[in-house]
Amino acid sequence: MAGEEERGDGDPVSVVTVRVQYLEDTDPFACANFPEPRRAPTCSLDGALPLSAQIPALHRLLGAPLKLEDCALQVSPSGYYLDPELSLEEQREMLEGFYEEISKGRKPTLILRTQLSVRVNAILEKLYGSSGPELRRSLFSLKQIFQEDKDLVPEFVHSEGLSCLIRVGAAADHNYQSYILRALGQLMLFVDGMLGVVAHSETVQWLYTLCASLSRLVVKTALKLLLVFVEYSENNAPLFIQAVNAVASATGTLPWANLVSILEEKNGADAELLVYTVTLINKTLAALPDQDSFYDVTDALEQQGMEALVQRFLGTAGTDVDLRTQLTLYESALRLEDGDMEEAAAAAAAGGRRERRKPSSEEGKRSRRSLEGGGCPVRAPEPGSTGSASPVGSTPSTGSAPPTNPAFSSTGPASGLLRTSVNLFPTISVGPSVDSSCERSVYKARFLENVAAAETEKQAALAQGRAETLAGATVDDTDGSSGTRELWDSPEPASAPRTPQSPVSRILLRTQRSLEPEPKKPVSPPSPKAEPIQEPPTCVPKLCIGDLDFSDLGEDEDQDTLNVESVEAGKASPFLSSLSPSLSGGPPPPPPPPPPITGSCPPPPPPPLPPPATGSCPPPPPPPPPPIIGSCPPPPPLAAPFTHSALDGPRHPTKRKTVKLFWRELKLTGGPGCSRSRFGPCPTLWASLEPVSVDTARLEHLFESRAKDVLPTKKAGEGRRTMTVVLDPKRSNAINIGLTTLPPVHVIKAALLNFDEFAVSKDGIEKLLTMMPTEEERQKIEEAQLANPDVPLGPAENFLMTLASIGGLAARLQLWAFKLDYESMEREIAEPLFDLKVGMEQLVHNATFRCILATLLAVGNFLNGSQSSGFELSYLEKVSEVKDTVRRQSLLYHLCSLVLQTRPDSSDLYSEIPALTRCAKVDFEQLTENLGQLECRSQAAEDSLRSLAKHELSPALRARLTHFLAQCTRRVAMLRVVHRRVCNRFHAFLLYLGYTPQAARDVRIMQFCHTLREFALEYRTCRERVLQQQQKRATYRERNKTRGRMITETEKFSGVAGEAPNNLSVPVAVGSGPGQGDTDNHASMKSLLTSRPEDATHSRRSRGMVQSSSPVSHTAVGPSAASPEETAASGLPTDTSDEIMDLLVQSVTKSGPRALAARERKRSRGNRKSLRRTLKSGLGDDLVQALGLSKAPGLEV
């Protein structure tokens, strides 16, 4: 019985009682297995614990003969696979039926079985590694495997299973290919499988290649699958054409040659194959979106004698009715596309051929339908021969016959020219073709048409160009463009003779003007003398060390901001102002402060030094007076003014006690009149934060203080938490000590798996190499965990098990250690300083960091019941330690969720502050010592050079050494200046973050950067977890849309499923053992397939009678009962999926093309016709006039 145990604080702990079984499916081809044991035992699962931690206990309870690392949990009977990385509570949204059974008092069943990926890999290995009868048995069983587990289909597709089938089928005979086509047909019945075939063009190419097979059954099955593929979606027809062209290019044959060979009956094709072939061509042509693609397909067919084949079949008395219907549809589509409305009107109304759009400004090429059938001399039509051969566009459109050429409705200056070239060819009826002996006339006609088209386009372009010029001038004048207005309004036409008129020229002119140099201030010339060996010049050099630019460090940063604050506050001694602030050319010291003035107010207590007052203060009676520059600050008021009240809105008094955040509040005394900071327009970062609204009710519920309720529970229960300890104390202590300097365990695992060099340093990797678990330790821990699954592991044991769960741990650590084994001695001082300078800029301008601080401040103010202006950033170390009292999730987790809700475009913060994360690894105190040692070593090198100068040295060597030491001296002095200015900027940065001068002095750079780095690292890890959970939920919703769904349930084939009787349901997945319901469904499908369509009203996709033959039929258990060719004629299929496929094919072949007459095809050329229409029609009067040809007597054009 599923239950919920009561916790001491009154909240239920989600404990679910379920029944568990296992399924021995290590061999995917052993399809006769059933879940064991038959009487499923019960087990209690913790809903808040990840399932990966509970699977070992279930594995031991069942004694399953499965590998523990390959196990997965499947919900029965829905078949949903649970995510082992998540808990049941986290998957509650995906387990509605599971929890619905629990709410009814039932015990749902979980099945322990092999993971999908492992089973798919086993299938692929079996297919690749077997041959002969074993391969035949495997291919024969593959269809049933897809039937039994609907989740296996998408996994098989994603694991390159289609490529495996093609590779195996390419090297096999027609029997194996027949089994592969059966499995592929079952796979294509599922929406996931069909989408996989759509995305895998090699499968479509292979199916088209099989159309040239010598096996009639293989050809028929391939045609069926291609028919279903093309009919499934209109977008599949272009994919099929691409596959045909790819095969033709690879094999060196003509496109569509495989289908034409079937129509030529070279291999003795029967009427059924002919119907499937012509239907496939018609379905492909009906789905094409543009006219050029339509004519490309028809022209390729006509080149191979399609017209002669059509006439031969239509002229034969014994031609099959369905074949005659499909051939008539093909002829009607071609004539309708050419504009022969008289003969194709009835077929268009019945078949629903769409009309293609014919643009009016261009002339296109014609089809070559009559190249092989005989070309008549191109002639001009007689004046009196209009009748049925009248131009299509000469009559206005009516309701029943829309205009085939919209050129007559076009407007513009060129409409008159375009109207003359709309219909260049009369429409004639297509008859049987005769042999052609005048091929020159064909090319002559094509040449004359192109010449006429070029002349027409030239005239239209000139007219359109004039219109665009006038329109462009009007638009420019309306927009108020200064250049254009000057061009039109200028009284002197010769003032701008070269002003461009076209938009491109105007853009070039603006670009040229933008590139003209602007007047600049004169730059002082460099020193005329360059002495490389002498001391650097007296002018202040540019602060650049290698490729590191420190030039933004100004001279005003030579003085520490903290000392300035102390002087202004009266805390600095008078004699400190006389010290020199710089070394090597620094700015002069500031002037001493003026003597104290009588009447100045005393400083706030406690003063470390007697403050010298630098100005007078107003009398104290009124409330806080405005601060005067140079005067001492007034004592703090009783209640510090809240300068960021808009950040949190009105104060909400909490009704319950909440968990408190023990941060150190900042006492910000700056008001709105304070001067801006170097880092932003506001004096502090907190003043610039935007207000964030939080769900106070939810926070109050999550973080309600339960200290009074928890304490009695701890006293009543065990007073000490028990843990599973297996390691000896020495080993355990060594690991625990090592863990103090390493990141958290989950961070280490993620870093090792992703090779994240920022998460673990080189020292950490070397330490991990000494802490690797042995096989003996792993076995002991696993045995202890199985013996006590409810007792958590100790920290050392948990750490070792985490490392042991990483595959190839030793190899990873060694590889990583080698990768990080890199040091740059030359930049060991400059790079950390540059990183610190850049890191401060990155942190200040980071929008994610601001949002995190604002959100955390709003949450903390609500939980604390206060209105703090800010908090010290040192509290970021404790954010992950605070947990809510309901789900025991950390405050950092809720912070990530709130930030993602407020700012979905926010980043992970860690990747945007790489400079600060690098600074966290640098000891800046040691860096200062290294800088001093570098100065001493530089001076000692100079002394050594002087002593060496007394001995014999070549002048060139001496010059080189002198130049080298001079450069070193200059660079060391520059390093000293950079170090001083960067440190002073860091102190100013701390003041901007709200620190007081006294607190800023105690902050170490390394500790500050380390705090931010650890917080950013934990924030990134937690954010990835939140995003992963959101992605899994979204993936589950998308997966559920097609999970187990068959193509018969889609809108395209909905008519097929709707035709079935009420007692017949299309199965989602066929089971391995037939039952009474399956037998009834089977009989109902047989009666449906054998019934005539006249008995009931059918949709257009399923009209007609079912053919007696089927792709495959098996009555025995194994494939050895009969060959595929023999079973093809054995009658109706015995497999329900085969019946569904046959029903789909019959619905496609018995239905006409898609009713899309209201849509027009796109095309890039105008007035393109078929080859038959082009070569059998004469040139019209418009074309003859455009060419300048006169109709002299006896002259034929």
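Backbone N, Cα and C define each Cβ position, glycine as well.
Note that the structure is a prediction, hence the values are computed from the model and not measured.
When SER390, SER527 are looked up in Swiss-Prot, the one carrying the note phosphoserine is SER527; the rest have no such note there, which does not rule it out for them. Checking Swiss-Prot for region 'Disordered' across the ranges 541-561, 1150-1170 points to 1150-1170. Of the candidates SER360, SER370, SER482, Swiss-Prot records phosphoserine for SER370; the remaining residues carry no such annotation there, which does not rule it out for them.
Per-residue confidence over the domain 'FH2' (648-1045) averages out at a pLDDT of 81.
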